[in-house]
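Participant: If you scroll down you'll find the structure; I have some questions about it.
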Amino acid sequence: MTDTPRILITPSPLSDISTTINKPNVHPSMSLLKALPECRLVVKSKGDKNNANVVEFPLDRHKQLLIAGKVYHDYKFKPRKSIFDRVTDPNYFAKSEFRGFYVLFWLSMAAWVLQLYARSYWQRDTLLGLPLARQVFRQFFVLFSSDFLMICLSFFSYGLQVCIEKNMIRWANLGYTIQTLWQGFYMVLAVYWVKHRDFPIVQCVFFTLHCAVLIMKQFSYSHHMGYISEIRILHNEYEKLLKFVRECLNSTEKDEKYTFELTFPNKPAETISTLQAEEIVALTAKYLSRQMRSEVGNVVYPDNINFFNYVDYLLVPSLVYSMEFPRVAHFRWHYMAFKAGSTFGLLALTLALVDWYFVPSAVAVKDLDFIGKLRIAPLLMNKIMFPAIILYLIMFYLIFDCILNAFAEITKFADRGFYGAWWNTVTWDEFSREWNKPVHVFLMRHVYHSSISGFKLKKSHAVLLTFLISALVHEFVMLLATGKFRCYILTFQLLQIPLYDLQQMFAFKKRDILGNVFFWIGMFTGPSFLCILYIVF
């Protein structure tokens, strides 16, 4: 037994492996999983002249299945406030030396929006330009009824998991194929409906992005639960085997009747004792059992496969599924009112900026020829550069600090780290990780880590694949919104990879301020340049 990995565990602590869970460390570490034996466990009958196998368990394959499941525990949800909620907490804010700048910024935004609406009223006798007003409120009822229908259709993924849990179908055989075809149909339906209804750009972007969110939520839910359903089937088989092995331990007659072997691909098989077989089977069964529990350990599959759990997941501001999210104790009405008020105020500012800076720019180039557009493009870029970066910041705050925090408060979701301090970014890869945490976690789990574990890609290739998929989705949204297939945003996003390499050069290495200056130059010029490209060309 010198070449066989030693399983350092006694049988007694594993006697109740299905119910006993060590809460502080529910899921085994990668090092523990890698310590499992790379072989097959074979049970043979001593009296069989043909030396046929009674049962055979591919421990190596099951080990790889357990290791692949680590992808569903690559991000730990934990209670935390968003950055702006922390810095505006009364206890912190009153002591901050920068509180005056925070107040000044929002007063400046309020003064700006009042100025723009006042100018609109004096010059046009209306608070909002007629073309934009028509666009914003066009097909309003159709938009939200269509969105509600797409939400209802997403329950197909829940129904499929119910069928899998009831053993009507298996995820590995038919479930995966059905889910893939369904999500393809769901995406085609969303695109068809956008084009069929001819939604204006605002409605088109909202509907498309929300459908993309629903697709990602369904993908994460179905693949996570599908994986656990396969783990449950395998765990039940190991439970039966463990019962059989323990019967052999307790019965001299059975112990003398059966023999246990470990077979290896490149060396002779080795006979092991019944006690050693019990150790190996019990440990593997224990790890399989823990895969069916939530990260904290309080929820066990299939208890989470129910209607209300899925509804809760749709409302929770997370794109990846977890069997048990951290929660806050109380719902705060004053907090919800503040976020709702902030949302409407920021929407008013957004409409004013679009009305006075972006709509006139689009109108100015509408009837020009190509040469005329080239001549006016630099002037338009200069005009919208500052409004574009302000609009970018406002949209970031609106989505990630107001809307997501509002849904977090509704569901009492405690992990509100929806973004990091991306404004201090030194490299572009840091920006891609920090500015949109929900999407980053989804891509990290279901693209980056899954491509490494499932397709054996190198890390560099997995990074490229992740950036490519993200860029293609952004370009597809712009195609639907503008009707133009130009690959501008696709190119700019993929340029982040060589820009990261550029920032690793000596000129930027260990010069965080210089790197941050380089980042903000890109932020000032990038959004405005993209706007001009899509407006003019």
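Cβ atoms are placed via backbone N, Cα and C, with glycine included.
From Swiss-Prot, here are the annotated features:
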type     : residues : note
TRANSMEM : 98-118   : transmembrane segment
TRANSMEM : 140-160  : transmembrane segment
TRANSMEM : 174-194  : transmembrane segment
TRANSMEM : 199-219  : transmembrane segment
CARBOHYD : Asn250   : N-linked glycosylation site
TRANSMEM : 344-364  : transmembrane segment
TRANSMEM : 384-404  : transmembrane segment
MOTIF    : 418-424  : motif 'FYXDWWN motif'
TRANSMEM : 462-482  : transmembrane segment
ACT_SITE : His474   : active site
TRANSMEM : 517-537  : transmembrane segment
Participant: Among all the protein chains here, how many other CB atoms are within 10 A of the CB of the residue listed as 'active site'?
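Facilitator: The answer is 15 other Cβ atoms.
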Participant: Quick check: do the transmembrane segment (98-118) and the transmembrane segment (199-219) share at least 3 Cβ pairs under 8 Å, counting only pairs 6+ apart in sequence?
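Facilitator: In this chain the transmembrane segment (98-118) does not contact the transmembrane segment (199-219) - fewer than 3 Cβ pairs sit under 8 Å.
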Participant: What same-chain residues lie close to the transmembrane segment (199-219): Cβ under 8 Å, and 6 or more beyond its ends?
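Facilitator: Counting only partners 6 or more residues beyond its ends, the transmembrane segment (199-219) has Cβ contacts under 8 Å with 135-136, 138-139, 143, 146-147, 150-151, 154, 157, 179, 183, 186-187, 190-191, 193, 313-314, 319, 321, 442, 446, 473, 477, 480-482.
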Participant: Which residue counts does DSSP yield for the motif 'FYXDWWN motif' (418-424) in the helix, strand and coil classes, in that order?
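Facilitator: Reading the DSSP string over the motif 'FYXDWWN motif' (418-424) gives 3 helix, 0 strand, 4 coil.
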Participant: Could you tell me whether the transmembrane segment (174-194) and the transmembrane segment (344-364) have 3+ CB pairs under 8 A, leaving out pairs under 6 positions apart?
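Facilitator: Contact between the transmembrane segment (174-194) and the transmembrane segment (344-364): absent, because fewer than 3 Cβ pairs are under 8 Å.
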Participant: Taking DSSP as the reference, which of helix, strand or coil describes the residue listed as 'N-linked glycosylation site'?
Facilitator: helix
Participant: Rounded to a whole number, how many Å is the Cα of His474 (active site) away from the Cα of the residue listed as 'N-linked glycosylation site'?
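Facilitator: Just about 63 Å between their Cα atoms.
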Participant: Ten-angstrom check, please: count other Cβ atoms within 10 Å of the Cβ of Asn250 (N-linked glycosylation site), all chains counted.
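Facilitator: A 10 Å sphere around the Cβ of Asn250 (N-linked glycosylation site) contains 10 other Cβ atoms.
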